[in-house]
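Take a look at the structure below.
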C-alpha cells in the first residue's frame, strides 16, 4: 500500500434580544373556551356572564387579552392557560473532582407544562471540573506502510503518560490496533497471504485482521510499553483502512476497553490513510449496516466482514503527524485542549411537535440555533450558561420527554413535557342556574342547556325535535349558521346589527344594505338605495351603481330599432346578446352559419320537401320567404344541397330580433339526372364477360408455359444421355442349323 501523508484523529466521545411579538388571535370555528384556547397562543376567553350582547355569538368571548379588556371584560374573568416550569432536581455544580461523581450540568431534571405555540425559556449552566479523569485509548493503524511509525510509538509510552498527567492526575491509557476487512478486494484472501500479508523480506509480520483490542485501560506505564512492544505490522491491498469499524467497537465495548463512568473518553487514531465509508462494503457483498453493538471475541472484532458503518462520530480534531510520528504527544495535548474548551449543548429524542432553540451566554458564544448551542474557549472551572427556549406546536395526549446534554460529557438534563390545553373556569355547581333560565348550567360563562332546551340562555324548548334539525333550518345550502351574522333561536335566525347600527336581514341574515357598488365614491351613485347588496335605482337612473340616466339615443339603429332587437340598452350603450358585436349588435361573428341552420326550413317552404315537410308552419314563424326567378336583394347568397340531392340557391336577410329572417328562394333547383339502369346492367354484364375471358386466357397461358418448361427439360435430359455398344452377357448364339434340302444354291 502506497504511503500517503500520516495524520492523527482525536475524538471526544460520549445577539440575543428578541423583538416583542404582536399578540394576534386568529380565530376559526369557536364554540367553547376549549376551542378558543386551541386556536392560538394569544387567544384568551372571557367567562364573564352577560358579556355578549343580545343576539351576539358566544365566539365574541374569544380574542386577545387587550381586546377583551377594551370591550369590558374584567381581568379576573379572563381564562388564559399559562406555561408552568418546575425544577425537579438541581444539584449544585462541583468545584473539583473527587472520587464521587461530579456535577457539571445544572439543573438535572425539569418538568414543563406548556401551552401550544407559547414558548418558555430556562437557563442551563455548565462548568467543567478541574482534574476530571481522562481515559485515552490509542488506536493504531498496523498496515504495512505504518511500520516506521510503530517502532517510534513503542518508545512513546513515557511521553504519553507524562502528557496525560499534565492534563489530569486521574488518567488511564489503553491500546488497540486495526488493519482492514479480511475479504476481497480489501485483503488478499489467499491462505498464505492471510497469514503473512507483508513483503516477503519482512519477517516480523502478523496475520491480517480487522480490529484487535490489545490493552484495557491501565495506569501502568510498564504494562503499556510491554503490550505495544509485542505488536508487529500486518497488511492489506487497498489504500483505505478499517478505522471506522475499529472506532465503533472501541466506543461500544466499554466493559472490554475499561472506560470509566466518570471520565472524559478519548480515542487517539493514528493512520496514514483514509477509511472505508458506507457503500464501500458493496464491493465485498457487505450490505448489513453496523448495529452499533459490541462484537468482540478473544479481543478480535468478529463482524468485520459482515457490517459497514453508516454514521460518522462527532467531536473530532485532526492533526498531521511527522514522518516518524514523534510529534504525536504534542498533537494529543493540543487536540484535547481544543475539544475540551469547546462546549456544545444539544438534545436527543426530541418529540416531533417540539422545537428547541439554544442561546449561548459566554464570552465566545456561537449564534442562537435550533440544533445546538456552542461556547468556545471555555477553561476548566469556568461557568457558562445557555438559554434554552422550548415550544410545543400542538396539544399532546400523553407526557413525553427528551434529553439535553453537552457533547462528550456524561451529565444530562431530562426535560419532561406535557401541554396545557384545557380551561379551568371554576364554574358554579348549580345545574339549574338563573342565567340559563333555570334550564341549564353555566360552563365558562355560557349556558350548557339541559336536554330538551336550546338557545343562548336555554330559552327555547325544542319538544320532539332535536337541536341539530333546528340549527339546520338556520343554514343556507348547509353553510354557516345564519351566515355568521345572526343567532339561531328556536329554528329561526335572529340577525345582528351592523357596525353602523343597521341590521342584517333575510331568512338567513344573508343581506345587508351597506355593501353595494359605489359610483363617484357614493353608495349606488347617490341615485338609488342599497338592498341586500344590489342597487335599486331611483326613477330616471339605471346601471349597476345607478350611475347613468336612462336614455336609448346611443342605441338607436338606422331602421329605428334599439340594438336591432339583439341586446338591451343600458347607460346609453348596447349590451349585446351572446355572440353579437357592439356597437349596435348588428352582426354575430361567432354564431352558426344560417345557410346551414335554415336549410331544412328553406327546403320545406320553397319546395314542400325535407324533414320539416309535415310541420312547415313552425318555419313560417321565423322566416318570411318569397320565391323569385332572380335575386333583387344584395345579401349573402346560399347554395346548399337538400335531402333529394338537389342544389337550392337562396338568400337570407336577418331582420330585427335574433331568429327573424327574410328569405328569397330561387324557383328552380339544380337536380342531377338519374343514372341509366339499362346502361348500368349492360355494362356490368359486359364487364363480367370480359373479366371471364381474361381469366381463361391467363389460365391457358399458365398451362402452356408449364408444358413448354417440361418439354424443354425433357429435351435437355435426352441430350445428356449416352448409349454404350456392348454384347448382352445374357445373349447366346443359336446352336441348331437347319438347311433346305431343296436348295441348290442357285
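For all residues, glycine too, the Cβ spot is worked out from N, Cα and C.
Unlike curated entries, TrEMBL annotations are predicted automatically.
The feature domain 'Integrin beta subunit VWA' is assigned by TrEMBL to 32-423. Annotation source TrEMBL lists disulfide bond at 198-205, 253-294, 362-375, 395-638, 421-425, 444-482, 495-509, 532-563, 537-546, 576-585, 595-604, 601-671 (among others). Per TrEMBL, domain 'Integrin beta subunit tail' is recorded for 595-676. The feature transmembrane segment is assigned by TrEMBL to 677-703.
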Margin query: Can you give me the same-chain residues 6 or more apart in sequence from residue 537 (disulfide bond) with a CB-CB distance under 8 Å?
Written below: 524, 527, 528, 543, 546
Check: How many Å separate the Cα atoms of residue 601 (disulfide bond) and residue 595 (disulfide bond)?
Finding: 10
Note to self: Tell me the Cα distance separating residue 425 (disulfide bond) from residue 444 (disulfide bond), rounded to the nearest angstrom.
What the structure shows: 5
Next item on the list: Consider the disulfide-bonded residues 205, 576, 585, 604 and say which one has the Cα lying nearest the Cα of residue 638 (disulfide bond).
Entry: 604
Check: Could you give the Cα-Cα distance between residue 198 (disulfide bond) and residue 421 (disulfide bond), in whole Å?
Finding: 70
Notebook entry, point to check: Any idea which of the disulfide-bonded residues 253, 375 has the thinnest Cβ neighbourhood at 10 Å?
Noted result: 253
Checklist line | Distance [Cα-Cα, Å, rounded] between residue 421 (disulfide bond) and residue 362 (disulfide bond) | finding: 36
Check: Relative to the Cβ of residue 395 (disulfide bond), which residues of the same chain, six or more apart in sequence, are found under 8 Å away?
Finding: 38, 116, 419, 421
Next item on the list: For residue 482 (disulfide bond) and residue 509 (disulfide bond), determine the Cα separation and express it in whole Å.
Entry: 6
Check: To which of the disulfide-bonded residues 198, 509 does the lowest count of other Cβ atoms within 10 Å belong?
Finding: 198
Check: For the disulfide-bonded residues 482, 601, which one has its C-beta crowded by the most other C-beta atoms within 10 angstroms?
Finding: 482
Next item on the list: List, in sequence order, those disulfide-bonded residues among 205, 375, 495, 509, 532, 563 whose Cα sits within 10 Å of the Cα of residue 585 (disulfide bond).
Entry: 563
